[in-house]
Amino acid sequence: MFFSHLGKKNGGPTAKSSDVKRKVTKVKTRKPVVTSVSKSPSPSKTAPPPATAAAAATAAAKPSTPRKSRRKTPNIYQLSKSSLSEVDTEESEREVSSSLSTPGLYELVPRDIVTAGFGSAELATSIHITNASESGNLSMTDIYEPVSTDKSLSDRVKLGALSCDFVEDYSLIKPKVPGEFEPVREILSIMEMTALHFVDKGASEEIKHPVMDDCIMRRFRRSYEGGDLEGMKTSMKEFDEVVKTQRAEGAILANLKQLTAVPQDLAYFLLNQVYSRIVSPESKSLRDYKAFSNNVYGELMPPFMSTVFQKTDLQPSSVFVDLGSGVGNCTLQAALEVGCESWGCEVMTNASSLAEKQKIELYSRAKMFGIKTGDIHLVASSFVHNDEVHSAISRADVLLVNNYAFDGTLNAHLLDMFLDLKEGCKIVSLKSFVPVGHVISEHNIESPVNILKVQKLDFYSGSVSWTAAGGTYYISTVDRSAIKAFLSKGGY
């Protein structure tokens, strides 16, 4: 249900593997998975290597077995929006398990991700969240219905955090309307994340068996499908006991320390948790803007931003700045996924207010999983003539400007700001700041665009909130060598 309340297409992008592969250390993670999943081949390597004569003879000798048709399963980002009823068979349950058990194919930046005070009482008291039982429209009977027809049973349950003795309240109810927050789906995802990344193999298989034989997730799902509220509660208690035991034995902390980055499926899940509680219930307020103005609201989706981080080589030591940051999605994602110092500036009051709430929610939810983020700084004002923003962009390694709807005046002001960017800073935008065919000459020698070296790239379906279609974006690198060379030759 990520961002679905804005009425936009929510599917993840169909990206080429060659466009999203980062050339740095791959995140280390234990994978209690028996199903192998191969990376998609790059466009230049789609043909398989020719079989040897021996291999061909062996293949010919084996009887042909028809392959079982399997529908394509969604990743964690897509699954968070799908209805439980769409994946309620045992076969599809195994497929969903397989897809969720495979970490994203991106290679993530290595860093220490463990939060301070793991397992302590102080960590638990520092967590302040919007409980799942308070999210969205859960109290509206025209949108939600009980799991069980027995009205004497309470649908309230508590689910413990992985890192400390903090619990979150949930209501075990189901939505009647597609796209609404699904508490049961979220609980299943938490179980999945736990089994994949945080516990030892035995505990992992107890929570989610690799081929979905009898396990906690399977029993929980079956109880849900059968309207057995008490059965669901029993499964949740079993899950909590596994988590408490693993934390007490030091297994969760040990497994966290093995991770060299926040797994991408977990990062998207946390962002979705935060968004569904803070932004989704208030999404109507984001439509209150003047059409075709500089304040038109639109969102860049998480998979697209992951690609941007990789293309710009954003590192934990980097500084990321988003000018026109809206509700803070990109700013929060950079701090969580990469772990860098992350800045956002937004002039719209309603959007900047939600951004601040999302920041607080993300800090706490990351702590619940034992994860630390990079520092997040949000400025609720215009970035024009703003000293705090100016100081941040002068240190920026990556500057994001969603200038899709900016007018010429604001784009011109941005260009003037770019003069203070450091050499090598990368500017990501949806419109190029450098005119097509631009050549340095004595007539434009003072133009700020002379310090930019621009690269045009494609984004894929589902990358932005305002259209389902793909499009283009630009990465401009601050490179003063061309203008220096021009001036060294006397300006000719």
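From the backbone N, Cα and C atoms, a Cβ is placed for every residue, glycine too.
What Swiss-Prot says about this one:
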type     : residues                          : note
BINDING  : 297-300, 320-329, Glu346, 382-383 : S-adenosyl-L-methionine binding site
COMPBIAS : 32-45                             : compositional bias 'Low complexity'
COMPBIAS : 52-64                             : compositional bias 'Low complexity'
DOMAIN   : 168-491                           : domain 'DOT1'
REGION   : 1-101                             : region 'Disordered'
Fewest Cβ neighbours within 10 Å, where candidates are the binding-site residues Asp322, Gly328, Ser382: Ser382
Ser325 (S-adenosyl-L-methionine binding site): tally of other CB atoms within 10 A of its CB: 27
Nonlocal neighbours by CB distance (under 8 Å) for Leu300 (S-adenosyl-L-methionine binding site), same chain, sequence gap 6 or more: Val308, Asn329, Cys330, Leu400, Asn402, Ser463, Val464, Ser465
